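Chemist: Got a structure here, written out as structure tokens. Questions coming.
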Amino acid sequence: MRCVRAPPGTGAGHRGRIRHRVHLGVGVEGVPLADFCEPPPPGGAETMAPQGSRAPLEFGGPLGAAALMLLLPATMFHLLLVARSGPARLLGLPPHLPAPEALWSPGALLLWLTWLGLQAAFYLLPAHKMAEGQELKDKSRLRYPINGFQALVLTALLVGLGVSAGLPLGMLTEMLLPLAWVATLTAFIFSLLLYLKALMAPASALAPGGNSGNPVYDFFLGRELNPRFGSFDCKYFCELRPGLIGWVLINLALLVQEAELLGSPSLAMWLVNGFQLLYVGDALWHEEAVLTTMDITHDGFGFMLAFGDLAWVPFTYSLQAQFLLYHPQPLELPTASVICLVNAVGYYIFRGANSQKNTFRKNPSDPRVAGLETISTATGKQLLVSGWWGMVRHPNYLGDLIMALAWSLPCGVSHLLPYFYLLYFTALLVHREARDEQQCLQKYGLAWHEYCRRVPYRIVPYIY
């Protein structure tokens with residue numbers, strides 16, 4: 001098997017890292033992305049790290065962590081400001097900086113807290129399935145509700161009822177700056193509370209990378225692996241719920257606002273909304289896959305993931321829709337058809353690779369994967385060297401990048417700004433891939449060298 005980090009499927013990535021990662025370490029970490037290597041054996045360094053065997057520092061250590069805690073919010077606000085400016089230059093300063101009162105709004109704070117409370121309530125509703133996570137150092141397994149897609153549907157129903165009752169959804173676009181501000185403050189305060197909570201946690205509960213002993217670095221990366229209040233898992237909740245669903249809600253508000261201004265939404269806006277809704281829906285439909293991602297099994301829950309999940313994902317990943325509201329782009333049907341084909345190819349690769357990986361992990365004898373060629377390892381695991389995973393070492397990353405390109409193409413080619421996500425995501429996945437490679441080499445040794453010989457390309461066939 002492999003290490004996997006999927007999205008926010010993942011992605012990671014969702015996410016993707018996401019990966020969000022869906023996002024910053026995420027896939028925002030995203031939409032969860034899938035780490036290629038399977039999580040290490042129970043009790044190994046990847047699962048829990050005792051104080052005496054701390055993991056090497058990443059992101060430039062404490063100074064790099066401090067810089068990122070300033071640079072990332074600054075980048076997010078820069079994108080929000082230039083998207084609505086006339087020049088819309090990615091590398092240029094915003095023509096006007098907002099007054100302090102433009103960043104603070106009691107209404108935005110109330111709306112944000114209501115949003116978090118609503119998603120928390122959906123999280124606590126009875127789930128159709130409870131899934132077990134990876135085995136921890138103490139041989140226990142945490143249980144997680146699989147009801148993220150249910151939360152998406154309930155949110156859509158509530159928003160639909162609100163709009164039919166006269167809710168001015170388009171007005172949400174005028175609150176993006178104060179909402180982003182309160183989301184950033186929430187991430188800082190939440191991270192501080194998590195750090196203080198982790199000071200009282202046993203050593204066995206700490207993440208391998210977030211217990212360096214340096215408070216700045218540990219605050220950024222996160223000390224505790226699975227911070228919980230009762231059965232409420234903070235990291236798992238934030239990974240896919242408020243940020244991802246908030247992302248598509250902001251997109252929808254931008255579409256509604258464009259319809260109010262222009263009489264109807266543009267074809268480009270429809271494509272961006274549809275593509276990204278498919279991505280988020282896929283992440284939540286396959287929510288259980290996030291339980292094997294690096295975000296859940298390895299990384300602590302600190303500012304990196306909290307800010308990425310709560311602020312970076314909804315306010316940065318909606319950049320294409322923000323750009324289109326203030327800079328409408330003509331799009332002919334033949335061009336739109338080609339862009340749809342590009343997105344479909346990316347999604348086909350992304351979903352095919354992740355599904356093959358998940359099927360093989362659950363049951364290697366499944367007829368859909370039983371005929372795939374594998375390499376035996378000293379750990380007893382098998383490395384796939386055929387199918388999607390014989391084409392490149394990270395085919396899900398390839399699909400993610402193709403979809404990222406398709407999301408930007410409806411914005412035309414006159415501005416670099418809408419392609420920020422593609423540039424950022426490429427850098428994120430290359431960094432994520434390097435982390436994956438190092439972990440797999442440490443775990444599989446000679447078998448990994450053989451795998452790399454058999455599958456020489458990392459993400460893009462014949463290129464990288």
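Here the Cβ of each residue, glycine as well, is placed from N, Cα and C on the backbone.
Straight from TrEMBL, here's the annotation block:
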TRANSMEM  63-83  transmembrane segment
TRANSMEM  103-125  transmembrane segment
TRANSMEM  146-169  transmembrane segment
TRANSMEM  175-196  transmembrane segment
TRANSMEM  300-319  transmembrane segment
TRANSMEM  331-350  transmembrane segment
TRANSMEM  401-425  transmembrane segment
Chemist: Go through the chain and flag residues at least 6 beyond the ends of the transmembrane segment (401-425) whose CB is under 8 A from any CB in it; none is fine as an answer.
Modeler: 13, 16, 79, 82-83, 88-91, 267-269, 271-272, 275-276, 279, 316-317, 319-320, 323-324, 327, 329, 331, 336, 339-340, 342-343, 345-347, 349-350, 459-460
Chemist: Kindly say whether the transmembrane segment (175-196) and the transmembrane segment (63-83) touch, using the definition of 3 or more Cβ pairs under 8 Å where each pair is 6 or more positions apart.
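Modeler: Yes; at least 3 Cβ pairs under 8 Å.
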Chemist: Can you tell me which of 63-83, 103-125, 331-350 gets the most C-beta pairs within less than 8 Å of the transmembrane segment (300-319)?
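Modeler: Of the candidates 63-83, 103-125, 331-350, 63-83 scores highest.
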